[in-house]
Amino acid sequence: MVLKSSAGDSPSSPVTITVSSGGRRRSMGLTSPISRPPISNNPNSPLSKNRRSSISGGGGSRYCSISDAGAGEELNSGFVTYTVHIPPTPDHQPMAASQTTSHVEESREKPDRSFISGTIFTGGLNSVTRGHVIDFSAPDPPPSKSVLVCWMRGCDEKAVTKGKCECGFKICQDCYLDCVGSNGGGNCPGCKDPYKDLDDYEENDYNYYDEEDEEEDQALPLPKLDKRLSLVKSTKRMSHPPEFDHTRWLFETKGTYGYGNAVWPKDGYGAGANGFEHPPNFGERSSRPLTRKVSVSAAIISPYRLLIVFRLAALGLFLTWRIRHPNRHAMWLWAMSVTCELWFALSWILDQLYKLCPVNRVTDLSVLKERFESPNLRNPKGRSDLPGIDVFVSTADPEKEPPLVTSNTILSILAVDYPVEKLACYLSDDGGSLLTFEALAETASFARTWVPFCRKHKIEPRNPEAYFGQKRDFLKNKVRLDFVRERRRVKREYDEFKVRINSLPESIRRRSDAYNAHEELRAKKKQMETGGDNPAADSVKVAKATWMSDGSHWPGTWASGEADHSRGDHAGIIQAMLAPPNAEPVFGSQADGENLIDTTEFDIRLPMLVYVSREKRPGYDHNKKAGAMNALVRTSAIMSNGPFILNLDCDHYVHNSLALREGMCFMLDRGGDKICYVQFPQRFEGIDPSDRYANHNTVFFDVSMRALDGLQGPMYVGTGCIFRRTALYGFSPPRTTEHHGWFGRRKIKLLLRKPKSLRKKKKDEDDDEISLQINDDENDDGEIESLLLPKRFGNSTSLTSSIPVAEYQGRLLQELQVHGRPAGSLAVPREPLDAATVAEAISVISCFYEDKTEWGKRVGWIYGSVTEDVVTGYRMHNRGWRSIYCVTKRDAFRGTAPINLTDRLHQVLRWATGSVEIFFSRNNALFASHRMKFLQRVAYFNAGMYPFTSFFLIIYCVLPALSLFSGQFIVASLNVTFLIYLLAITLTLCMLALLEIKWSGITLHDWWRNEQFWLIGGTSAHPAAVLQGLLKVIAGVDISFTLTSKSSAAEEGGEDEFADLYEVKWSFLMVPPITIMMLNMIAIAVGVARTLYSPFPQWSRLVGGVFFSFWVLSHLYPFAKGLMGRRGKVPTIIYVWSGLLSIIISLLWVYISPPSGGAHQDFDSSSFQFP
């Protein structure tokens, strides 16, 4: 079976797909009203120009060919001729002519069936692009109620083409006669206004508007690009009369002229002085802001800043006193303690400086809806003018990241409250697993029920597992009478969906075993026929393949790990599970045996859903998650090209359906063109109530990130972030500010996007500068920029040509920006998806595409660090972009976090290792450009330096034990001056914590848990991270990446909900904290025993040592509790032996070093002593 396309057959169908089998052919036209740009000139691309190849075998074998209809035709039309190989399957056998004809007729009867959404496209290195048609076991979607069908409930007749009412309510002729009645009266069922007698003039007028509507509904061509490849010219016509007759609108709405605008009367035609409303403020919509910045109350922030200054002074006085008053009896103890205290003071200053200007932000969604989704002169129909958003979800291992968790995340994305036609979801399966693929197919099927249910009843959250598992009253604020019945049906359907997902691994295994056994039998039979009685014929080796449900080989990873089908060696795969939706709403049907819910009044369209697994081959560095994200960036640029990108981990679902709208408020508000990304806080579920290991991390997300928002913006934390696509491409912002002088006090404003006549190039311009320039016909630098694009982005012409389109669609409106886009320019249907587009997308996810390009270096997610998120955000801030921290009233996204001690330590180890890599790289904030604010540099420098505090922290935690063992202390005596300084430092720290709690909204419990885990991580994971980072920098030893396991809450419940919390998994990271705990406990016993048995006890030194030992042990208490496992499971003998060992060691120390009597009576008489 061969899938073949030819260009130039007919103007209405520029691309024709021909499927042939056994000499018979059937063809179906994929009509694309939009001419695409020339296909990639990548010589390795299967769609490259001037390339012809064929693969043929003997005896009627199937073939693959790639050819052009001529270079001239391609340059003129933008269409190509190519052939895609489709292997035969049990479900797709050669058909006779009669069968072919009937199949064509059947396909004509079902025009909604998409060829793209039923085909897997594969390809890669040294292989052609193949399209494999598959049939999912999922049932067909319920019949939809088209907009051309009568809108009366219970009527499925075709609506009349002529409008019967001005409101546009679709109605058939019979229903219209029933409404009008015999007397000629009657009201419209839509607007409830009486029907009017339409004369010939009005009928002609309606026909005129129908033609206009049809013309407007057609997809417009791509915006024309000028030579600079930087400006997209609007395709909307600027003259009003052809689209909108303002005079007729005034007449039909009974408006009158007043103040230069139309004024609507209150009663009739405004007889009397008060007959008219006040003239509407037509400029109010553009003047009202979408967002507001709310500063922290001066009653809180002023004392907070004052306390920082006071504690800084107290630290200076304390350290000065410590240096001037050494302990002559234990200089080694004094020197180590002073060194650690100096480092802690520096670390505290770096951690506190950027917290001086915290801010809060709020959005106004009503203004967003009014500005972008309300009818206006340029958009009379009120179509959504919001820009498109591409959502990226990444997964790598279905064993550590359960498919059910990923499916719930996908369902929450598909049901988000955003225009359906502007949304596209991409799932990156870096493992190439058939389990993930078939789970996504099941998800797409269940989404046809779940998404309309969420829209109809305004479900929150729109993750089915989280919604059905919540404990609160689900009837709250629900007013529809059919809610309980439909919820029960959807709940049952979801339970069956979970069973199907959970049974997929076993189903795939059994299916593969059956097909492999059949292949072995066939191979043995064939060998017996050819080998005869040869005894060697018994040994038959057949590859243990993984089989799809239609009886064909899965092109991704096989369970057996064969060549070309292993985790690091498989072809690239793209499958559009859900095709792009239509531009107009599609209403569903009433509930019946097939349809679980009544959707006659609700849109049942679904966003585009695409499965992507990039190609992997041995010998190529695939760069883990960063490489997978960059592959999604290129794929989405060709298939949907949304100007904004939201990336989520597979376990982070959309908890607030309005989250995307709130993020877009910042991007589309005044000054939003300088924002590179909007970061949302990470919130977690499934964490133990006590939050033993500080998994919520609220101090970072609610204190540090809010503080950074008052500077240049928060850091990028890897998930829950909306990007501007052009910022990911490495372009500079349209304008920025450089900070010179001490602490960046001297500011220089720069305009980076302006015509050549106003632009002066610097001779010493940084090589890292990439800027999209505003159109200027006199500027010839655009030719140079066009030549540099392949070097930066690769040889795909479709990808490079999509860049200015995305930049134009992401601009602000002309009301807010001089070079903005006109209102209504995005209220046009999206270009339909065809096979040529998907085939081109296959070429950009190949393993060799990034060779000799700047992907990962300057473009996209940055390579070279296990914390690619921090580095990527740093590069954007370094170019002058700013970011926004969006804290919504209802959590925007929620995910899971590892509650097991070992998993949590490995997660912290990965973060700290990335920070060490940043510190020893060019991404160190010490080398930041002048476009980054001084305090922002301090924050990034602290993010790269904090792991080095671990060595000083370990020494300081051991010092109390050494003090108790030796009988000495860090100071010669506990005099009043030392105690006053110590008290001042401690009290100011506590007061600062209380004020942070006040302005950030966290709790004291959260703050204390953060302090405890800071010491646990600083004595376990951070020193290991520093050693790994040094090994990578000095010796070039690569760092292994451990994927964090995601637990499936669906498989847990009751007592087992926190089973991972009590599971003890041994790790080398536990050795330092255990050693510190043992040393301090033994030291306390030794110190107490020495003091009690001493004829001249020195209680001051004992109290100092014991106090700091208890300080260390109180911070390590969660760690010790984690080692004990589940309560009641630790044998009592453990506690008995621990106590006996401590007593024995204490007695041995007293025996080895007995008290020396009055030899040490010459202590300082001014020392503090207990009576």
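Keep in mind that glycine also has a Cβ here, set from the backbone N, Cα and C atoms.
Unlike curated records, TrEMBL annotations are generated automatically.
Within the listed segments 88-111, 232-255, TrEMBL records region 'Disordered' for the stretch 88-111. Proximity of distant same-chain residues to the transmembrane segment (1099-1120), defined by a Cβ-Cβ separation under 8 Å and at least 6 residues beyond the stretch ends, is recorded for 692-693, 901, 957, 959-961, 963-964, 967-971, 973-974, 1009, 1011-1016, 1019-1020, 1070, 1073, 1076-1077, 1080-1081, 1083-1084, 1087-1088, 1091, 1167-1170. For Asp869 (active site), the nearest of the binding-site residues by C-alpha distance turns out to be Lys625; the candidates were Ser394, Lys400, Glu401, Lys624, Lys625. Annotated pair Asp649 (Mn(2+) binding site) and Ser394 (UDP-alpha-D-glucose binding site), C-alpha to C-alpha distance, rounded: 6 Å.
Residues 300, 303-304, 307-308, 310-311, 314-315, 317-318, 321-322, 325-330, 333-334, 337, 352, 959, 963, 1004, 1007, 1100-1101, 1103-1105, 1163-1164, 1166-1168 of the same chain lie 6 or more positions beyond the ends of the transmembrane segment (969-995) yet place their CB under 8 Å from a CB of it. Around the Cβ of Ser394 (UDP-alpha-D-glucose binding site), the number of neighbouring Cβ atoms within 10 Å comes to 22. Taking the C-alpha positions, the distance from Ser394 (UDP-alpha-D-glucose binding site) to Asp430 (active site) comes to 8 Å.
Across the annotated binding residues for UDP-alpha-D-glucose (Ser394, Lys400, Glu401, Asp430, Lys624), the two most widely spaced Cα atoms sit 16 Å apart.
Neighbour density around each Cβ, counted as other Cβ atoms within 10 Å, peaks among the binding-site residues Lys400, Lys624, Lys625 at Lys625. Taking only the Cα positions, the spacing between Lys625 (Mn(2+) binding site) and Lys400 (UDP-alpha-D-glucose binding site) is 15 angstrom. Cα of Asp430 (active site) to Cα of Lys624 (UDP-alpha-D-glucose binding site): a distance of 8 Å.
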